[in-house]
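Undergrad: One structure is given below, represented as structure tokens, and several questions about it will come after.
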């Protein structure tokens, strides 16, 4: 099956009331794990790559691994999404490389550290939409800065994260402003700020409404009911994998992620794309540590990497099933980007 646009997939998810986990990838084992879980559950896939992932794997290597996934799993619709684009030029380069969806993160300046002003965000995002939509590529924007309502810190992942201490207002998307932003930019999907952050250290305790503003999703959705909402920093940080990492020599302090049941609340309120990276990293790290410890004489890295792939696959399968993705892939008929482009004209 050819790669499809994010807009087509999220429109389908909106019509049938499910959410799609968007998994960050940077290596072969991660892509294998995601595609095998998708095949097993008949789930559509969003594979997304950050600037750090593209630097690590190499743009061409990453692109061809995704094309190989599409060839190997012809019945599974795949979106290739650029995560956290820092400028229109970066988004343009990704489109030329074959990405079918790009995120223009105008909530931060091009250094991906400095919070931007609203007009800057609108202008750079509008320019990317104009460029991408002309050829059927989807665009995700971001309004508000990801960050912890507990600490005021954004956290950092692959070089992305606001520096300094952020105010509560900066870390919560304003619903009325979201309506204006969508009207002025034309984004297909909007990443919103509700107190989530990148990385494993999201919350020091199980999150409640004072540090995870789930009700804000409903308020935003009421203002922009036709725009797909995106939750970033939404790994659940499985405690069982933290225990395995600690048991086999790792040192990860007490931490909590976004509970799956809270994500399901978000899906009911209009969230269609749920970004997940840390959960896969934790599962792979735990599996590798256990594999190497269980057989200290083993020197074939494939054994540990196979264990890592199995660990990641188990997490991915659970998310497909929980979010309602399972069984949806076979219901999607791919629309060529050329036809998608006509929808914007």
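Note: Cβ is positioned from N, Cα and C throughout, glycine not excepted.
These came from Swiss-Prot, pasted as-is:
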- 83: active site, proton donor (ACT_SITE)
- 50: D-glyceraldehyde 3-phosphate binding site (BINDING)
- 84, 198, 232: Zn(2+) 1 binding site (BINDING)
- 105, 142: Zn(2+) 2 binding site (BINDING)
- 199, 233, 234, 235, 275, 276, 277, 278: dihydroxyacetone phosphate binding site (BINDING)
Undergrad: Could you check which of these recorded positions, 83, 84, 105, 142, 232, sit within 10 Å of residue 276 (dihydroxyacetone phosphate binding site), going Cα to Cα?
TA: 232
Undergrad: Using DSSP reduced to three states, classify residue 142 (Zn(2+) 2 binding site) as helix, strand or coil.
TA: strand
Undergrad: Please give me the binding-site residues out of 84, 199, 233, 235, 275, 277 that lie within 10 Å of residue 142 (Zn(2+) 2 binding site), comparing Cα atoms only.
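TA: Neighbours among binding-site residues, in sequence order: 84.
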Undergrad: List the Cα distance (Å, whole number) between residue 235 (dihydroxyacetone phosphate binding site) and residue 84 (Zn(2+) 1 binding site).
TA: 17
Undergrad: Around the dihydroxyacetone phosphate site recorded as 199, 233, 234, 235, 275, 276, 277, 278, what other same-chain residues have a C-beta within 8 angstroms of the site's C-beta center?
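TA: Other same-chain residues with Cβ inside the cutoff are 24, 157, 196, 198, 232, 257, 258, 279.
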Undergrad: Out of 50, 199, 233, the binding-site residues in the record, which is closest to the residue listed as 'active site, proton donor' when you go by Cα distance?
TA: 50
Undergrad: Among the binding-site residues listed here, 199, 233, which has the most company in the form of other Cβ atoms within 10 Å of its Cβ?
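TA: Result of the Cβ crowding comparison: 233.
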Undergrad: Fill in the CA-CA distance, residue 277 (dihydroxyacetone phosphate binding site) to residue 198 (Zn(2+) 1 binding site), as an integer in Å.
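TA: Between the alpha carbons of residue 277 (dihydroxyacetone phosphate binding site) and residue 198 (Zn(2+) 1 binding site) there are 9 Å.
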Undergrad: Greatest CA-CA distance (Å) over the residues 199, 233, 234, 235, 275, 276, 277, 278 that the record ties to dihydroxyacetone phosphate?
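TA: Max span of the dihydroxyacetone phosphate binding residues, Cα based, is 11 Å.
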Undergrad: According to DSSP, which kind of secondary structure is residue 198 (Zn(2+) 1 binding site) found in, if we only use helix, strand and coil?
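TA: SS state of residue 198 (Zn(2+) 1 binding site) = coil.
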Undergrad: Could you tell me the C-alpha distance between the residue listed as 'D-glyceraldehyde 3-phosphate binding site' and residue 84 (Zn(2+) 1 binding site) in angstrom, no decimals?
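TA: It is 6 Å, counting Cα to Cα.
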Undergrad: Sequence order is fine: just name those binding-site residues in 105, 275, 278 with a Cα within 10 angstroms of residue 232 (Zn(2+) 1 binding site).
TA: 275
Undergrad: Including all protein chains displayed, how many Cβ atoms other than that of residue 142 (Zn(2+) 2 binding site) lie within 10 Å of its Cβ?
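TA: Taking all protein chains shown, residue 142 (Zn(2+) 2 binding site) has 26 Cβ neighbours within 10 Å.
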Undergrad: Could you state the whole-number distance in Å separating the C-alpha atoms of residue 275 (dihydroxyacetone phosphate binding site) and residue 105 (Zn(2+) 2 binding site)?
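TA: On Cα coordinates alone, these residues lie 14 Å apart.
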Undergrad: Filter the binding-site residues 84, 105, 198 down to those whose C-alpha lies within 10 angstroms of the C-alpha of residue 233 (dihydroxyacetone phosphate binding site); answer none if the list is empty.
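TA: Neighbours among binding-site residues, in sequence order: 198.
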